[in-house]
Every structure is written in structure tokens, then in C-alpha cells.
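Written below as C-alpha cells is the structure these notes are about.
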Amino acid sequence: MKYKIHVLIFLISFLILTRFNIDPDLGWHLAIGNEFLETGRVIRGDEFSWTMPHFLWGNTYFLYEVFVSVLFANLNFALIVTIFGLISAAGILFLLSKKVNLITLLVVGLGVAIATSNLGIRPHTFSFLFFSVLIFALDRRYFQKPTHIIFWFILFLLWGNIHRGYLVGLVVFAAFVLADYFTNYFKGIRHDLRFPTLTFGAALFATIVNPFGLQAWQSGIIGDATSFENIMNITEWKPIVLVFPVNIIFALSGAIYIYILKAKGLKIDFAWIFLSSLIFAFTFISVAFTFFWAAIFIFLATRHAGLGLKLNIKKIEQIPLYFSTTAVILALVLNFFIEVLQFGNIENRMIYDKYPLKATRFIKERGVLENVFNEYGWGGFIDWQLPQQKVFIDGRMASWKFEGKSILSDYMAIREGDCVLVSQYQIKSVIFPAGKDIECFGNWEVIYEDEIAKVLVSGN
């Protein structure tokens, strides 16, 4: 079988990247998608919080939200997780070279391990696939003919309506074309830039073909990327050195990358050296770039990380290799089926991930809470499970500001004991993890408590 190692890599990637965890943002994605499926209405102003009602937000995830809502309405959790695992593994295939061997398997395994920090039932999974397709197309200089314009328009039309990672895609696209042009220019080779310029223009234009137009750029991209509160407090925006254990795996991939540059740098296109170095540097700054680094690392390492090993092994000497590879695959398959049995029921996963499932049911039976202060990571879950309950904050709102006030900063201040803000917001109820205490709510009445969550109301 010509592509047996490719198939093996796809299988291993699928088993590793099929993740049963529930992302904190999944809830508000489903709430928005469900609203569209039920009423045909696109939510533009905020309808889920009581603190910033009608705040206009350019949603860069709309198509993803509709897609994932359709899945949750028609399939069980295990099948949905499987679909996202297949999408992730498909992205890996676009990064592989035609010739693969044992070293390929090892470096892909390392790259896949890095990617697990971002992927799952998340829009990032599609971004990983699109970025892999982008790398595949750029490597083949798929931007030099009129027909290529259509390809780039469609790619970024989808990307621009699924995940804001398209911004990285645009930067990489433009940087690659320019680096490739000037590399050839200094070699005395002149290339026509008309079609590359048109293809990039088509890609850029496609990103504003969405229900929100330029608002998606203004708030969904620029607003989040320039928000000090967002960058300082949200894990996804923190430097990778602060996030364990992905920082260890990242360091190992960095060592291999440095080896590649030292040993094979003269054989690699300057455009790829420039772009990989850029993404490597940005990953130090923010965990959000991790899966982009994983993709470009796999692309380069599978082509250049030979490590000087001779793989001409006699058949009898290959037996231990086959046994060890088979053992790894069986272990991954076994783990997959254990996960299916344990978390195939989404409620089991909700409880395992410590979402307030029982508490939201209590609130539904009791009646909605007035002016509730909620745990940040639970905001989206409440949007989804209890849409009639308005939240203080959810994952959409980290960079939102109103009249100069940052909702995330106020949330953090209240958690740290700023009781003046409690009065200013007129907070009257709280839903928070059972093991956490906040000074401002110390004397409030506990009306519900379980092993995960507690609900408090003001005595006033």
C-alpha cells in the first residue's frame, strides 16, 4: 500500500485529536446558532447579558455556530466529537510530504500533541484545517493564475465566517508572496505580481462578506487583539511559557526547529523560514498561535527533520518497531472507546468538567435570578442551557467596554473584593463554584448548593 504510513498518521492523529472536553465558549456559540435555526434571526446586539444589553459585536463565528447547532440538534455527543476529530486529522494530511517514514511519524506525533491545546469542538479546529490548506496551496504557488482567485475567495469566505484566525491566514499569505517575490528578484528572476495581488485582494474582500460586514473586523478582530484586559486575563492570550504542559512540548519542537534551520536552512525556501520564524515568535507571546505553529512545524519537520538516521532496517529487525507501533495504536483506540463509554453522554462530560448543570436546573424550576453575578467560564453554558437567564459576563465579552468601563475588569475587581462595584451594578444574586468564596457575598443567603455550584441571593 503506497500511502500506508499516511493512513497510519491519519489514524493516530484522529485518535489523539478527538477530544471529549466541552469548551467554555461552546455554550454561547450554540445559543446564537440555535436562535438562527429556530427563528432565522441573526443576533447583532447582545441579548444574553444584563450588564451590556444591545452591545453591537461583529461575530466572526456565525457559520460555525449554525453548523455546530445543526450537529447538536441531530447527533449524539460522541458522533459530534468524532466529526471534529476527523476534521483535525484531515488538516494533518495536507501538511505531509509524499515521502514519509518513521521520523515523520514521530515529529507528527509531537506536532499533534502541541495542537491538542487548541483543538476540539471549537472553531479553532476549522482554522487549523484552513491554515493547513493554505500552507499546501502556498507551497505549490497556487496564486499565479486567474482560476486561483476563486479558490482563495472561497477559502477565506468560509474562514471569515467561522473563526478569526483568518487574520493570521491573510498575513501569512501576503508575507509568503512578498518573500517569494523578493527571493526570486535578488536571484535575477522577475515574477508578475498582478495575479498574486488579485488573489490576495479576493481573499481580503471575502472576509467582509458576512452578516456583520466590517463590524466583524472592528470588534471581532481589532477590539479583541488590542484589549489590555483580554490579553492580561484570558488564558488563550497568555505567553505559552506560562501554560503547562504545552510549554514543555513547545520547547521540544523548538529544539527540533532550530536543528532544522541549522542543518537544512540553505535547502529551505526563504519564505518558509521567514514565516515559520514569525509564527514561532508569536507563539511565545500567546497560546492562541499554538495550532498555527503546530501546522507549520509539521509541514517543515516532515520534510527536513531527517536527524541523520538510517532507516534501511532488515525485515527481522523491524518486528520490535511493528510491535511498539501496534501497541501505541491499540492504547489510543482503547482510550478512545473508554472516552466514548464514559463521556458519550454529554451530561456526564458536563459534570466531569464541573459545569453547573444541576444549579441551572434549579434556577429553571425556581425562576430566573435578578442581576446575577456568574463565574466567567460558566457564562456561555448558562446562555445555552438557560437562555432566559441573563448573565453578568460570558466568553464573548472579555474585550467589551461601555462608556470607558471594561466589563472584564469590573468582573475581576468584584472577585477581588471591590464591593462598591457590587452596589453600582446592583447585583442581587450569584452563581459561583461551590469551593470559592467572594468577600462581597459572604453574608448572602445560600438558596442552593451542590458539589459543583452554589446560588446566593442578597438579603436586601
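Cβ coordinates are placed from backbone N, Cα and C, and glycine is handled just like the others.
Residues 6, 9-11, 13-15, 17-20, 68, 71, 104, 108, 111-112, 115, 119-122, 125-126, 128-129, 131-133, 135-136, 295, 298-299, 302, 340, 343-346, 349 of the same chain lie 6+ residues outside the transmembrane segment (77-96) yet bring a C-beta within less than 8 angstroms of a C-beta in it. According to TrEMBL, the feature transmembrane segment maps to 77-96 (among others).
Same-chain residues lying 6 or more positions outside the transmembrane segment (102-121) and placing a CB less than 8 Å from one of its CB atoms are 5, 8-9, 12-13, 16-17, 19, 21-23, 26, 68, 80-81, 84, 88, 92, 96, 128, 243, 246, 249-250, 252-253, 256, 287-288, 290-291, 293-295, 297-298, 301-302, 305-307, 309, 311, 321, 325. Residues annotated as transmembrane segment in TrEMBL: 102-121 (among others).
What TrEMBL lists as transmembrane segment is 142-160 (among others). Listed as Cβ neighbours of the transmembrane segment (142-160) (distance under 8 Å, sequence separation of 6 or more from its ends, same chain) are residues 60, 63, 126-127, 130, 133-134, 166, 169-170, 173, 177, 191-192, 195-196, 198-200, 202-210, 216.
TrEMBL lists 166-186 (among others) with the feature transmembrane segment.
Residues or ranges marked as transmembrane segment in TrEMBL: 198-217 (among others).
Here TrEMBL flags 237-260 (among others) as transmembrane segment. Sequence-distant contacts of the transmembrane segment (237-260) (same chain, at least 6 residues past either end, Cβ-Cβ under 8 Å): 107, 110-111, 113-114, 116-117, 230-231, 268, 276, 280, 283-288, 290, 293-294, 297, 300-301, 304-305, 307.
Beyond the transmembrane segment (272-301), the same-chain residues lying 6 or more positions past its ends with a Cβ under 8 Å from any Cβ of the stretch are 91-92, 95-96, 107-108, 110-112, 114-115, 117-119, 124, 127-128, 131-132, 135, 139, 165, 168, 172, 175-176, 179, 231, 235-241, 243, 246, 250, 253-254, 256-257, 260-261, 265. Residues or ranges marked as transmembrane segment by TrEMBL: 272-301 (among others).
Sequence annotations record features per position, and here TrEMBL assigns transmembrane segment to 321-341 (among others). Remote same-chain residues near the transmembrane segment (321-341) are listed as 8, 11-12, 15-16, 18, 20, 78, 102, 105, 313 (criterion: CB distance under 8 Å, separation of at least six residues from the stretch ends).
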